[in-house]
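Engineer: Pasting the relevant annotations from Swiss-Prot:
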- R17, E18, L19, K20, K118, R520, C521, W566, E610: 5-methyltetrahydropteroyltri-L-glutamate binding site (BINDING)
- I436, G437, S438, E489, D604: L-methionine binding site (BINDING)
- I436, G437, S438, E489, D604: L-homocysteine binding site (BINDING)
- H646, C648, E670, C731: Zn(2+) binding site (BINDING)
- H699: active site, proton donor (ACT_SITE)
Amino acid sequence: MATTTHILGYPRIGEKRELKFAQEKYWRGDIDQTELKKVGADLRAKNWQTQTEAGLSFTTAGDFAWYDHVLTTTLLLGHVPKRHAGGFPNLDTLFKVGRGQSQAGCGCAGAAASDMTKWFNTNYHYIVPEFSKDDTFEVSWPQLFEEINEAVQAGHKVKPVLLGPVSYLYLGKEVEEGFDRLTLLPRLLTAYQAILAKLASQGVEWVQIDEPILSLELEKQWADAFKLAYQLIRSDVKVLLTTYFDSVTDTLDKIVELPVDGLHVDLSAAPQQLDDVVAKLPEGWVLSAGVVNGRNVWRSDLSAQLERLQPVKEKLGDKLWVASSCSLLHSPVDLELETELSEEVKSWFAFAKQKVTEVALLGRALDGDQNAILACDTYSQPIKARKTATHVNKPQVQVRLNNITASLAERSAPYAERAAHQAEVLGLPLLPTTTIGSFPQTGEIRVQRSAYRTGQLSESDYIQALKGHIADAVKRQEALDLDVLVHGEAERNDMVEYFAENLAGFQTTKFGWVQSYGSRCVKPAIVVADIEREKPITVEWSTYAQSLTSKQMKGMLTGPVTILCWTFPREDITRQEIAQQLALALRDEVSDLQDAGINIIQIDEPAIREGLPLKKRDHKAYLEWAVNAFKISAASAKPETQIHTHMCYSEFNEIIDSVAALDADVITIETSRSNMELLKAFEEFNYPNEIGPGVYDIHSPNIPTEEWIEGLIKKAAEKIPVQRLWVNPDCGLKTRNWAETEAALANLVSAAKKLRAELA
């Protein structure tokens, strides 16, 4: 019997972001719901056709989402927060939960969106389910069942996908005190029983139930919850229990006791688990081997995967299935659109559409199809050739990596000495004021950038236009009387892509979009070779800005770990090595900035915490190399050069040691929404260096009053000595307009001056 092939999910945004543009038109009122739904139906039909035409055994349905798949599950279960409830849940209900509802939109006091957070350690996000003790669950929104009917009527053999009950509970949060959301499990399971009964009535043979939390180090009560859950929802539909992003080593003994029919494991993220899983797989179970990486853009070495899976095929026979490691929603849609890539570079990649073909081809090869076996070998040649290419593995970069020593990551003087030097050179007042780096990216800037990229604006004219925006930003900051200025980053489209475009070793794409959440898509650059800086990147802009003012101008860099986390990494070397290469390139930029007279340099690291591995036992090793990469990038700074870093997290406690180990002279953090509560971690740790807790929530259009900012600064001063405090917004101001930016910053400067006078 032929090897069963399938994927865990397919990108829903469309190859040219058709879903994004339709959603935003609908939200603006430019199209009605019928037109929006037609776009969704057309995308689903195309996605299913891609899978069937490639020869997959199953076509996956239920993976389409109008915002994110967790929110889709929330509506399926009729579990809508009370502030958004009212009548039967529909598409507008879903958008209200995800985006919030203004006072004008509902004729009421408005209703806040539910929280959003990262989907495990990916750059995808989901709307967090809210739980209270009186919650009930009832199958409500029929989208899943309608999609199955659509797919069946189109002639596809359907395998629906459903987020599992235990993961759904785990990924949410309690919104009232004194109760544990796990106590809701029996009620939730009643709804899941009804869902599976409905699937059975639709003729579904297999359902993919995603329980990604099985890859975590679960507390006992959560691990134990699976037994009850899967005993109660047992039905006539066969269940493929699906895990991804890490190994199931910690939970495997419990998994194999569950009354399910198969297990999917991620052999891309955790290849080492294969032998253990095969050895413990219960008689009669299917093993779905996730060997085609759903989280990256690289072509699979299918000949190597074939060799790896053949012994498993011999043991399991038709009980071995071949699959993507996780949903392909984390990959761009179709490589064929990238007409501007060189043939060599293009031959290294596979986007979602190509990965579907990889899965199907590998399945045929495992069945002994000689043409497929030969095709796997031919297909894998570019990846094999790449391993020895000198323009990929550059000798000059390797020499620098081999010469990294412990001293390379250390500043030439301890913080206390540096602080004294900096106080003398910089001459800043108590409670110095600054911003985080970016200023409003106006429509004019975006039009000029687009015109330059399409050849309608010459390079010299574009540079003059950017200098005009920088001069304007400097003038506005001087008028506000900020103490440390920034150039505003008018030249940057994105804080990571800008550096990727200016460092050798990266490839950017035209259509390499992946969904972040809702209608927001990102286009990560791809690390294709050893990374090096061939020429200065930011020096010209920073020195031009400094020439316009006698105040200190802050140089602005994105840190090595953030660039790594927000790009598609290479698969042939470790993430640690990529971070070191980035660190060495940024180190050179730091040296050039200070040699050009820039005395303050900010190295942003908003993603250090995001890069944490899923298993806590792996945190220490990651944090050691992540911190070391930052320190390498900063350590070329002289004692009198002040190094800043910026982070925006909601939780510092578990990484405060590592934050301190960065040894930045100043750290700025996002604290305004937490009313300075986040500073507790720094207070309890006795954080030794300077700190700028954000006093202005830039994510809100509300203008903070002078009194409000003053109150926040006073709260901060209760936890951190005032001599070590800075005053700044939470984050960059790129997404705000100038009117609200200047109004907020005027209040920020006034509050700082008032307190400065009181403390004098």
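Here the Cβ of each residue, glycine as well, is placed from N, Cα and C on the backbone.
Note that this is a predicted model, so its numbers are computed, not measured.
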Engineer: Can you see whether DSSP assigns L19 (5-methyltetrahydropteroyltri-L-glutamate binding site) to helix, strand or coil?
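Structural biologist: Where L19 (5-methyltetrahydropteroyltri-L-glutamate binding site) sits, the three-state DSSP reduction gives helix.
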Engineer: Using a Cβ-Cβ cut-off under 8 angstroms and a sequence gap of six or more, which residues of the chain neighbour D604 (L-methionine binding site)?
Structural biologist: G437, M495, M556, L557, T558, G559, T562, T645, H646
Engineer: Cα-Cα, whole number of Å: E610 (5-methyltetrahydropteroyltri-L-glutamate binding site) versus C648 (Zn(2+) binding site)?
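Structural biologist: Approximately 10 Å lies between the Cα of E610 (5-methyltetrahydropteroyltri-L-glutamate binding site) and that of C648 (Zn(2+) binding site).
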Engineer: Between C521 (5-methyltetrahydropteroyltri-L-glutamate binding site) and the residue listed as 'active site, proton donor', what C-alpha distance do you get in Å?
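Structural biologist: Between the alpha carbons of C521 (5-methyltetrahydropteroyltri-L-glutamate binding site) and the residue listed as 'active site, proton donor' there are 18 Å.
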Engineer: Output the one of R17, K118, H646, H699 that, of all these recorded positions, has the highest number of other Cβ atoms within 10 Å of its Cβ.
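Structural biologist: Top count of Cβ atoms within 10 Å goes to H646.
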Engineer: List which of the recorded positions I436, S438, E489, E670, H699, C731 have their Cα within 10 Å of the Cα of K118 (5-methyltetrahydropteroyltri-L-glutamate binding site), in sequence order.
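Structural biologist: Within 10 Å Cα-Cα: none.
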Engineer: Checking your reading of the structure: which of the binding-site residues R17, L19, I436, S438, E489, C648 lie inside a 10 Å Cα sphere centred on H699 (active site, proton donor)?
Structural biologist: none
Engineer: Counting only residues 6+ away in sequence within the same chain, which have a CB under 8 Å from the CB of E489 (L-methionine binding site)?
Structural biologist: G437, S438, F439, M495, M556, G732, K734
Engineer: Once the DSSP letters are reduced so that anything not helix or strand counts as coil, what is E489 (L-methionine binding site)?
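Structural biologist: DSSP assigns E489 (L-methionine binding site) to coil.
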Engineer: Using CB atoms and a 10 A radius, I'd like the single residue among the binding-site residues L19, I436, C521, C648 with the highest neighbour count.
Structural biologist: I436
Engineer: Where among the binding-site residues E610, E670 do you find the Cβ with the fewest other Cβ atoms within 10 Å?
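Structural biologist: Each of the binding-site residues E610, E670 was scored by Cβ atoms within 10 Å; lowest is E610.
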Engineer: Three states by DSSP: which one describes C648 (Zn(2+) binding site)?
Structural biologist: coil
